[in-house]
Amino acid sequence: MTTSFARNVPLADYTTLGLGGPAARFCSVASTDELIATVRDVDRSGDPLLVLGGGSNLVVADEGFAGTVIQVDSSDLSYTEVDDTVVRVRVDAGMEWDSFVARCVDEGLSGVEALSGIPGRVGATPIQNVGAYGQDISQTVVEVTVYDRAADRTRVLSAAECGFAYRTSIFKGRDRYVVCDVVFELTRSKLSRPIRYAELARSLGVSQGDQVPLADVRDAVLSLRRSKGMVLDPADPDTRSAGSFFTNPILSADEFARFTQRVAEVLGPEVTPPAYPDGDGRVKTSAAWLIERAGFPKGYGTGPVGISTKHTLALTNRGGATTADLLALAREVRAGVARVFGITLVNEPVMIGVTL
C-alpha cells in the first residue's frame, strides 16, 4: 500500500471557513487500512500529524501546519439487523455526514434525521458529540472503532467509554485516537424520533413529543439551517463559517443565580435569560442571546470577517480574510460578553496552531 503525498497544500481549500495556511505534506486515504498504515508511518517518522475530515469544525493558523495532514476519504457502510425494528449501521469515518443521514431517511431508519445538513464527515461526529434540533450523536452511537496511536493498535470503544457530554467526548482535544468507523443503532420506522426541539416542532406544525415522517423532519431541518446560513452554499458568504463558533455555557446553580442578578442589573429586572436544565442542578443558557445583548448583533463587523447576518453564533469569512482576522473578531466578542455578563465563552471549533 503506497500513499502519495503532495507538499505545501493550502488548507484553506479544505476548510469551510476558507482559511488556513499550507500543510507541509498532504495526502488522502480511501480505506481504514490505508488510514491506519499511513498514521503509523507518520508516527514512526516523528512528523506532527493532523487527521482531516470535512474541515467544517476547524480553525487553522495562517502559517499552516508544519507536518503531515491526512484527509480521510473512506466511505464503506454495512448493516446488521438486531431484530425486526433495530438496525446497527457501521459507517467509515470518511463518509459525508449528510449523505449518511439522507440515506437513513430514504431507507426508513430513524434516529439521526434531525441532524440533517450538518457539514463534515462521520468520523468527526463523535469527537464533539455533534448535535442539533434535539438530537445528538450520543443518543444513537453504540461503538467507535479507533486506532490508538499510543498503543499502536485498533480498539473498539463502547458509547460509555467515549465519555460523551455536551459537544465533547474523550476524543476532543486529544490526538491519541484516530476514528476509523462509527456504529449507530437506528430504528426501522417511517416516523421520526419524538420531536424534542421547540423551534423544529413549530416549523413542522406539531407539538413537542410528536412523531412525523422522516422526510418531513429532514426537509424542515434543512429549511431552518438554510435560513441561518448553516447549509454550505458557495454563493452565500454567510455559510463560509465553522458553524457555531461558541458553545452554550453550562452554569452551576450558584453561577446561574449570579448571572441572573447580573442580567437584572444590566438589562432590567423584567428580563429573564434563557435557561435549560442540564442535570445535576446545572443550567444551560444561550451563547447567541449573550452575544446579541452584549452589543454584537447579526451582521456585526467590518472588513473581511463578521458575524453572520443570519445566525449570531457563526463568524464568517466574507472574502479575503485571514485566520488572524477571524480570531480578532472572536476575541472581541468573547471579551464583550465577559465584560457585560461575567461569562467567558468557549470556542466550539478545533484550533490548529492558534488559540483563542
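Numbering starts at 1 and runs along the chain as it is shown here.
The backbone N, Cα and C atoms fix where each Cβ goes, glycine too.
Copied over from Swiss-Prot, here are the features:
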DOMAIN    19-227  domain 'FAD-binding PCMH-type'
ACT_SITE  Arg167  active site
ACT_SITE  Ser244  active site, proton donor
ACT_SITE  Glu348  active site
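A separation of roughly 7 Å, to the nearest angstrom, links the Cα atoms of Glu348 (active site) and Ser244 (active site, proton donor).
Of the recorded residues, Arg167 (active site) and the residue listed as 'active site, proton donor' place their C-alpha atoms 11 Å from one another. In the three-state DSSP classification, the residue listed as 'active site, proton donor' falls within a strand.
Around the Cβ of Arg167 (active site), 19 further Cβ atoms fall within 10 Å across all displayed protein chains. Sequence-distant contacts of Ser244 (active site, proton donor), defined as residues of its own chain at least six apart whose C-beta falls under 8 angstroms from its C-beta, comprise Ala287, His311, Leu313, Ala314, Glu348.
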